[in-house]
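Participant: Per Swiss-Prot, the feature (6S)-5-formyl-5,6,7,8-tetrahydrofolate binding site maps to Arg23, Glu80, Lys120, Lys454; the stated evidence is sequence analysis. The feature K(+) binding site is assigned by Swiss-Prot to Asn226, Thr245, Ile247, Thr250, with sequence analysis given as support. Annotated GTP binding site per Swiss-Prot: 226-231, 245-251, 270-273, 335-338, 358-360, in sequence order, evidence recorded as sequence analysis. Marked as Mg(2+) binding site by Swiss-Prot on the basis of sequence analysis: Ser230, Thr251. The domain 'TrmE-type G' annotation in Swiss-Prot covers 216-377.
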Amino acid sequence: MSDNDTIVAQATPPGRGGVGILRISGFKAREVAETVLGKLPKPRYADYLPFKDADGSVLDQGIALWFPGPNSFTGEDVLELQGHGGPVILDLLLKRILTIPGLRIARPGEFSERAFLYDKLDLAQAEAIADLIDASSEQAARSALNSLQGAFSARVNHLVEALTHLRIYVEAAIDFPDEEIDFLSDGKIEAQLNDVIADLDAVRAEARQGSLLREGMKVVIAGRPNAGKSSLLNALAGREAAIVTDIAGTTRDVLREHIHIDGMPLHIIDTAGLREASDEVERIGIERAWQEIEQADRVLFMVDGTTTDAVDPAEIWPEFIARLPAKLPITVVRNKADITGETLGMSEVNGHALIRLSARTGEGVEVLRNHLKQSMGFDTNMEGGFLARRRHLQALEQAAEHLQQGKAQLLGAWAGELLAEELRLAQQNLSEITGEFTSDDLLGRIFSSFCIGK
């Protein structure tokens, strides 16, 4: 970023509206005010003024707000012009401002980027601005606001501070090996390390929940042919998204539906029936089904209730359960309750949710919808929750791996130097979340996804 650049952009959505806002940030914002308004407004007071063209004619009239730096959103001098929301009027005013030397159109996210570079926001807070704008549910909006107000950053900074204290302790043990107390073997470092690992695990769990709120949960419907998978997809989607017949193997490819349940985003995926393939096309479809299962956030294990009375998934199809990724959540869905006469509703079997329904009639499907909402955290108390992005999850995961490797070095060989290095790497991973340690490349990718005027 050049210190000589003063940027301008429309801060309101394109198109017609009651109000249109142009935002200017940089050292020439003062010159813009004096040129277009004829005066410098009183700081942080709304001033109703005409917006003038170069020949003195009035282009529009509206509210001008002046925020001298560093007490502004970006940390620079900021001017906001709030006029009428017609695109022609805003375009004329924008062209007028751009005639002033040293002014240019802002890049996407450049206002937030400058706020980050001037220490007005950390990187997680800056990302939360875009997440708040893009939020698709009330819970996602509340969580994004929590992140913007620093909830996520505070948790990360607490971990970084704990790692800093632990590193100091470890470095002391390395630098002063002749002390009477062996810091590496007296158990104190191990206890502190375990505390940090436990805190990090808690943050990771909340971050995974926040990622589901932001990006949506990937739910794969899997099971044997003719279990009713496509009928369930149609019931959840509220339309005929998949062809349904009595012929086994009708679905041969992956079908995707993006739906919202009370504003919560879900990616529902219908897959080919799992069995020994009878032809090449079906075999490819089954391979793709397993690929989707391996990447799922949750699997709906669809069971034809007319073929078995079993409810434990390990009893219904042990080979299928054995092949699933470890820790992948499973919901057992016993279908065709309209035929079997089973009592509709939800229960639990060996730690797995069990839902009895009829995909054909729609009976019991609402119970499944509520279950999916709850599994995303919709019904839980998340007043202090925050949104998280995939890069946040990756950074937390890498930090956790370094801490586990450091613990192994400590317990296996009392190798203080190796432990100190793993702690340093974990601290670096966490600092990438808030932007204390990051690359220009990463900043460019993050802020380029923002709105122009943000």
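Cβ from N, Cα, C; glycine included.
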Participant: Whole-number Å distance between the CA of Lys120 ((6S)-5-formyl-5,6,7,8-tetrahydrofolate binding site) and the CA of Lys336 (GTP binding site)?
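Facilitator: It is 57 Å, counting Cα to Cα.
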Participant: Specify the secondary structure state of Lys120 ((6S)-5-formyl-5,6,7,8-tetrahydrofolate binding site) as given by DSSP, simplified to three classes.
Facilitator: coil
Participant: Take the domain 'TrmE-type G' (216-377) and average the pLDDT across it for me.
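Facilitator: Mean pLDDT across the domain 'TrmE-type G' (216-377) comes out at 85.
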Participant: If you count Cβ atoms within 10 Å of the Cβ of Lys336 (GTP binding site), leaving out that atom itself, what do you get?
Facilitator: 22
Participant: Which residue among the binding-site residues Asn226, Ser230, Ser358 has the fewest other Cβ atoms within 10 Å of its Cβ, if you could check?
Facilitator: Asn226
Participant: Sort Glu80 ((6S)-5-formyl-5,6,7,8-tetrahydrofolate binding site) into helix, strand or coil using the DSSP assignment.
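Facilitator: Reduced to three states, the DSSP call for Glu80 ((6S)-5-formyl-5,6,7,8-tetrahydrofolate binding site) is strand.
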Participant: Please give me the binding-site residues out of Arg23, Glu80, Ala272, Lys336, Ser358 that lie within 10 Å of Ser230 (Mg(2+) binding site), comparing Cα atoms only.
Facilitator: Ala272
Participant: Among all chains shown, work out which of the binding-site residues Glu80, Lys120, Lys229 has the most CB atoms within 10 A of its CB.
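Facilitator: In terms of Cβ crowding, the pick is Lys229.
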